[in-house]
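Notes for the one structure printed next.
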Amino acid sequence: MGFLKLIEIENFKSYKGRQIIGPFQRFTAIIGPNGSGKSNLMDAISFVLGEKTSNLRVKTLRDLIHGAPVGKPAANRAFVSMVYSEEGAEDRTFARVIVGGSSEYKINNKVVQLHEYSEELEKLGILIKARNFLVFQGAVESIAMKNPKERTALFEEISRSGELAQEYDKRKKEMVKAEEDTQFNYHRKKNIAAERKEAKQEKEEADRYQALKDEVVRAQVQLQLFKLYHNEVEIEKLNKELASKNKEIEKDKKRMDKVEDELKEKKKELGKMMREQQQIEKEIKEKDSELNQKRPQYIKAKENTSHKIKKLEAAKKSLQNRQKHYKKRKGDMDELEKEMLSVEKARQEFEERMEEESQSQGRDLTLEENQVKKYHRLKEEASKRAATLAQELEKFNRDQKADQDRLDLEERKKVETEAKIKQKLREIEENQKRIEKLEEYITTSKQSLEEQKKLEGELTEEVEMAKRRIDEINKELNQVMEQLGDARIDRQESSRQQRKAEIMESIKRLYPGSVYGRLIDLCQPTQKKYQIAVTKVLGKNMDAIIVDSEKTGRDCIQYIKEQRGEPETFLPLDYLEVKPTDEKLRELKGAKLVIDVIRYEPPHIKKALQYACGNALVCDNVEDARRIAFGGHQRHKTVALDGTLFQKSGVISGGASDLKAKARRWDEKAVDKLKEKKERLTEELKEQMKAKRKEAELRQVQSQAHGLQMRLKYSQSDLEQTKTRHLALNLQEKSKLESELANFGPRINDIKRIIQSREREMKDLKEKMNQVEDEVFEEFCREIGVRNIREFEEEKVKRQNEIAKKRLEFENQKTRLGIQLDFEKNQLKEDQDKVHMWEQTVKKDENEIEKLKKEEQRHMKIIDETMAQLQDLKNQHLAKKSEVNDKNHEMEEIRKKLGGANKEMTHLQKEVTAIETKLEQKRSDRHNLLQACKMQDIKLPLSKGTMDDISQEEGGSQGEESVSGSQRTSSIYAREALIEIDYGDLCEDLKDAQAEEEIKQEMNTLQQKLNEQQSVLQRIAAPNMKAMEKLESVRDKFQETSDEFEAARKRAKKAKQAFEQIKKERFDRFNACFESVATNIDEIYKALSRNSSAQAFLGPENPEEPYLDGINYNCVAPGKRFRPMDNLSGGEKTVAALALLFAIHSYKPAPFFVLDEIDAALDNTNIGKVANYIKEQSTCNFQAIVISLKEEFYTKAESLIGVYPEQGDCVISKVLTFDLTKYPDANPNPNEQ
């Protein structure tokens, strides 16, 4: 990795003459008093690395020469050179020389162009434009105070994506323009297509004109033929109908007699049916009563079955428990039997071993025969002497054995009692476990029930609140809709207004906090009546844009020009000169200051409002406005409520209609608010409807709570039963057994005391008997070499006693195991009996359930049968009722027939008369039709006769009442009857029409068709003979427009591709930098804070195009909660800013990093952390050159460069260097104290 080795300065700023500064170590600190020239050294490094003059704290390049600022330049040139060193490569020198008013760049003493110079530096990782190698004084605080938008600008500068911003905007404009051109050509093409369609229609109309004339003639013939054909058909039909009616009159008389006979028969049938219906109703009542009696029996049987099923479930549960007990007891007994067999086996093995040992010992202890005889003789003699004592001892032995047996019995009973107590303890433990489980289940169930109840309450409250809120929202929505309806404002923004709104949003986004908005959007008249007056006074300033400064305004104007927007008026608050408000005007009667009737937000736009309103006064009417304006010794600017304005100059202006239109813009603001409220209420209504739909969930929760409550009730009952019955009984029995066990102790102790007392007496008797034996066996004992005869006997019987003792132990073990085995057998038998008993109970309950189910089914079957019978009877009743109704209906019909028989006769006679009249009318109609055809010159196709045979006289006139007139009419009809018309040209469909309505419809259709054709013919003017030429012209024009549209579409596509390409390049540059910084910043912040709990994270406001909006930067200081950056302390802000600086530096890092007083705002703790971090990084990542005034910081450096001033015409900086690597750090780790 390369590093900055030396800096050579000549006549640069405060450095007079030539000075070589260095060498620079990996971590070098520059120190010195204020004003000594430390920052000038940093400026020198910046200068040689190509920094702009404006960032070097001078106005012109010449001002960088020593003494130039005071008018005494030390020379006409100055330069700074830098020696850059890399491992394994030659040192390179970069120099920048001030010659006259320009810079000259050199690499290794060779003059190069600026771009070559920059490229070489970029190869080393030094980016001049991004300034990734230095941090100026105050830059840390500046970064800490940056807002998200300024942070984005910083990233744009670092990533160099900002270089593409101008191209990005240009491509975007080209894309938008190309899309607009495409849309324009599309609409143009659409209009020409409409013209082409119109030309086609003109040609088609000319072709149709002649065809329509021919159609009219054919339609006239068809209509007349249709009328005549159906007239003749109707005449023929009427003749047949007349003959038919005469026959019907004869038949009607015979039908009347038959109807009377039928009526009598129907009356008899109806009487029979009604009697049957009454019988069925009686049977239905009986079955209904029977069913009401059977239902309770079925319900009772069902309840018995349900109850028995529950008992069966409980019995099965008990059976399972007893079976578990039985299996456990059986296992215990098997273990005891195994133990018994083991003891018996051990006893047998012992007996066999003793037998073998006794045989071997018997051979060793055998006396001589004479000695044996002597022993037996002496033994007999001793027995005789101690006979009394032996009898007394025998009596003691008998008593002792009896007491020992009694002691063994008591101890056996004690063991049995202890076993029973253990059994009861097991049962009590089982009861307690069951109680614990039940209590645990009850507790859990209660908690669950409480949760369910709570949930039910919450859901109920939520649903009820939702219902109430829905009603409220609907009322509010209705009110809003009414208000919107009353407003009757249909605002459709023009593209011009939309464009202005877009530009307004853009400059607000570009200059957040500096652009406040349009004046009309920031203020509102206090009352509606003032709207017109305020509108008049504000005038063109209504749409003026308020900004904080003149610079912001000029920047906005430049932006609008670039966007080709319309001219806008800006009111910069720092530039406006406003006269103070005349307080005396507030005392005038009948007038108010216009500024006093306007509400505005934010408060600091008041200056702009004062500028727009001045000292203008608003009055209620024109007279007051004129009086106050011109009536006093001093003129005032006044306005009436109707908008009449009186200027001080005497000019009076109105324009009420135009003002009202402008004033409506105040109302439009209210309408916008109403629309926003409507949208908000609609969204809330959707949310509340979702909550209301939780009713189904509420019902489910209620059902679950009910089920849980029932199970809890049963569990509590079971718990109570277990506590009060099973546990209490077992505790009582255990207490009784413990009482019995307590009585065994005293009895056993009493027996033991008696046995011990008797043993002492027996011991005294034995001692007396021993004295007798010693006297008798004295000589014999000397002979065999023992002290006394007992020693001989004990030696012989000792073995037997040990064997007897061992045998007794085996016997006791067998006795104990036998007792336990007998007890377990008894308990096992009890368990087996209980299992058997529960099996019998289960079997019995199952049999009873089977019987009860059969009984239930039997009752159900009876009910089903009864219900089926009842339903059958009801069906019969309905059928019979229907039959009776039908019969009544039939009788009613017969009565109607009979009652109307005479009327029918009269009716038939009337019909005959009517038919004759119709026949006469049809003949008259035929005559009129033929006469009309002759008069209208409609050529009818005739097969017999000619058009001349048609009479010109009127036929069937109402005035003709004489016999001669009738005869003449009949003669005309007879002559015209000879004319036969050829209906071959008449369509068959028209001939087939039969019904009068159908004939009328067809006739109307033909007439309508004829009328339409005639109407169309009348409307159509003479055909356009140039229609074809026009069509050809329009087709050519359409093709031309289509080509233009296609070309515009391709241009739009190309423009979009170009825009997307530059957008992608800009995004890639920005995102590469952002992702690198965002990835590293948390780790760097942790390292700076020396605490892994510290957190730092970056987030773009616009992830799609992050360079268009701000970047949020947040830190969580160690041991603290999350707080916004503004709420962090000064030191925390500085550490956060340093983390961001180092993270930015990690993206395309420069080999060295020059930092000017970054520790200014840090306390000692944070200084140590930052210094240690820089020291760590300088060893492997970058060379650090830091200007610092704080000892805690620069003592961590590897070398020091001291800058001190010498006074002259201006300050002269001198430099000292000091290598700290020779002096090891006494405390390398600041955390180790």
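Glycine is no exception: its Cβ is also placed from the backbone N, Cα and C atoms.
In the three-state DSSP reading, GLY35 (ATP binding site) counts as coil. The ATP binding site feature in Swiss-Prot is assigned to GLY32, PRO33, ASN34, GLY35, SER36, GLY37, LYS38, SER39; the stated evidence is sequence analysis.
Computed over the coiled coil (104-124), the whole-number mean pLDDT of the model equals 89. Marked as coiled coil by Swiss-Prot: 104-124 (among others).
Summarising the annotation, Swiss-Prot assigns coiled coil to 163-503 (among others) and lists sequence analysis as the type of evidence.
Taking DSSP states H, G and I as helix and E and B as strand, the compositional bias 'Basic and acidic residues' (284-293) has 10 helix, 0 strand, 0 coil. Positions annotated as compositional bias 'Basic and acidic residues' by Swiss-Prot: 284-293.
Feature annotation from Swiss-Prot assigns region 'Disordered' to 284-307 (among others).
The region 'Disordered' feature in Swiss-Prot is assigned to 350-369 (among others).
The phosphoserine feature in Swiss-Prot is assigned to SER358 (among others); the stated evidence is similarity to another entry.
The phosphoserine feature in Swiss-Prot is assigned to SER360 (among others).
The domain 'SMC hinge' annotation in Swiss-Prot covers 515-629.
Sequence-distant neighbours of LYS648 (N6-acetyllysine) (same chain, 6+ apart, CB under 8 A from its CB) are ALA629, ARG635, HIS636, LYS637. The feature N6-acetyllysine is assigned by Swiss-Prot to LYS648 (among others).
For 660-935 (among others), the entry in Swiss-Prot reads coiled coil, with the evidence type sequence analysis.
According to Swiss-Prot, the N6-acetyllysine annotation covers LYS713 (among others), on the basis of similarity to another entry. Sequence-distant neighbours of LYS713 (N6-acetyllysine) (same chain, six or more apart, CB under 8 Å from its CB) are absent.
What Swiss-Prot lists as region 'Disordered' is 946-969 (among others).
Annotation source Swiss-Prot lists compositional bias 'Low complexity' at 953-967.
The phosphoserine annotation in Swiss-Prot covers SER957 (among others).
The feature phosphoserine is assigned by Swiss-Prot to SER962 (among others).
Considering only the recorded positions LYS38, LYS1037, the Cβ with the fewest other Cβ atoms within 10 Å is that of LYS1037. For the coiled coil (163-503), the partner stretch with the most Cβ pairs below 8 Å, chosen from 104-124, 660-935, 991-1068, is 660-935. Checked against LYS1037 (N6-acetyllysine) by C-alpha proximity, the binding-site residues PRO33, GLY37, SER39 yield SER39 as the nearest. Taken residue by residue with DSSP, LYS648 (N6-acetyllysine) is part of neither helix nor strand, so it is coil.
Shown for the domain 'SMC hinge' (515-629): DSSP residue counts in helix, strand and coil, namely 61 helix, 22 strand, 32 coil. Using a Cβ-Cβ cut-off under 8 Å and counting only residues 6 or more beyond its ends in the same chain, the coiled coil (104-124) has close neighbours at 2, 49-50, 81, 84, 92-98, 1150-1151. Around SER36 (ATP binding site), a 10 Å sphere centred on its CB holds 21 further CB atoms from the protein chains shown. Here the C-alpha separation of GLY35 (ATP binding site) and SER970 (phosphoserine) works out to 143 Å. The residues near the ATP site, meaning same-chain residues not in GLY32, PRO33, ASN34, GLY35, SER36, GLY37, LYS38, SER39 whose C-beta sits within 8 angstroms of the mean position of the site's C-beta atoms, are VAL1203, PRO1205, SER1213, in sequence order. Cβ neighbour count for SER970 (phosphoserine): 13 (other Cβ atoms within 10 Å of its Cβ, all protein chains included).
The candidate set comprises the binding-site residues ASN34, SER39. Of these, SER39 has the most other Cβ atoms within 10 Å.
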